[in-house]
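Lifted from TrEMBL, the feature list:
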{"type": "BINDING", "residues": "116", "note": "Mg(2+) binding site"}
{"type": "BINDING", "residues": "121, 125, 162, 163, 237", "note": "Zn(2+) binding site"}
{"type": "REGION", "residues": "5-31", "note": "region 'Disordered'"}
């Protein structure tokens, strides 16, 4: 791996290793019982490798041409929700996407980059729509940044998700209404309800034998849990099909209803990877700044995969 960015610091260091950001909080110390320092091992294996744990040093390292491999671990465990992120210490998903693209685009043979907006999923599991949707907005911003930094001529961008959630919008809300607001009419129990609801999860509640009422002040709290139909500690995934969007070379292969495994074959074919190495595709005319022209048997397209609840950036090596 040339670039790896996210959270999970404590899982990389020996048990008891103080965290650099929270040195007085023992719960954030390293947890590895095998006493291995995986960060140091990774640096030892890769000349030009740099490890960073805050936004300032990350931005510096990503723009340093002497840094060939970059590991940035910005929290001991999960990254904070975007709505709670310390902007001075932790980079955004957009910034991580941009810096990763800048680093990997130095490779004239192309690259593969996978970016996950994984906290969308966590927000839904907690039944807190505000956290999930603000993560989705940042996810969208990262996709936009990737589009700005690459070209449709040589970069395939795929956007998809690995699952849905039992999350719904309803209530015939009026145009211009907040998605976090109340439906314009009341339910059969003569109580208001929100336009966002969950099929199950921690938002289930009863006052006596009926569901509690909902007030405008409650739903204005960004930590408000939307009501759920079935009580669970954690909201579950849904089972319906998810969307796949594509832009760039071979994007036309992404259409209709397909098995999930088809996505991997599209990526492999577009990148001339096994089992499609004998692709004999012509290089595109006029490469983007993300690649450097050179004679190749396959198209010098950089594949960018961005996935829905999950943000994936796919950039394959070219032959």
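Placed from the backbone N, Cα and C atoms, the Cβ positions cover glycine too.
Computed from a predicted structure; not experimentally measured.
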Discussion item. As a test of the contact definition, list every same-chain residue at least 6 positions from residue 125 (Zn(2+) binding site) whose Cβ is closer than 8 Å to its Cβ.
Written reply: 165, 201, 234, 235
Practice prompt. For residue 237 (Zn(2+) binding site), name the DSSP secondary structure in the helix/strand/coil scheme.
Written response: strand
Worksheet entry | Residue, out of the binding-site residues 116, 121, 162, whose Cβ gathers the largest set of other Cβ atoms within 10 Å | 121
Worksheet item: At the level of the C-alpha atoms, what whole-angstrom distance separates residue 116 (Mg(2+) binding site) and residue 162 (Zn(2+) binding site)?
Response: 11
Worksheet item: residue 237 (Zn(2+) binding site) has how many other Cβ neighbours within 10 Å of its own Cβ?
Response: 13
Worksheet entry | Other CB atoms within 10 A, centred on residue 163 (Zn(2+) binding site) | 15
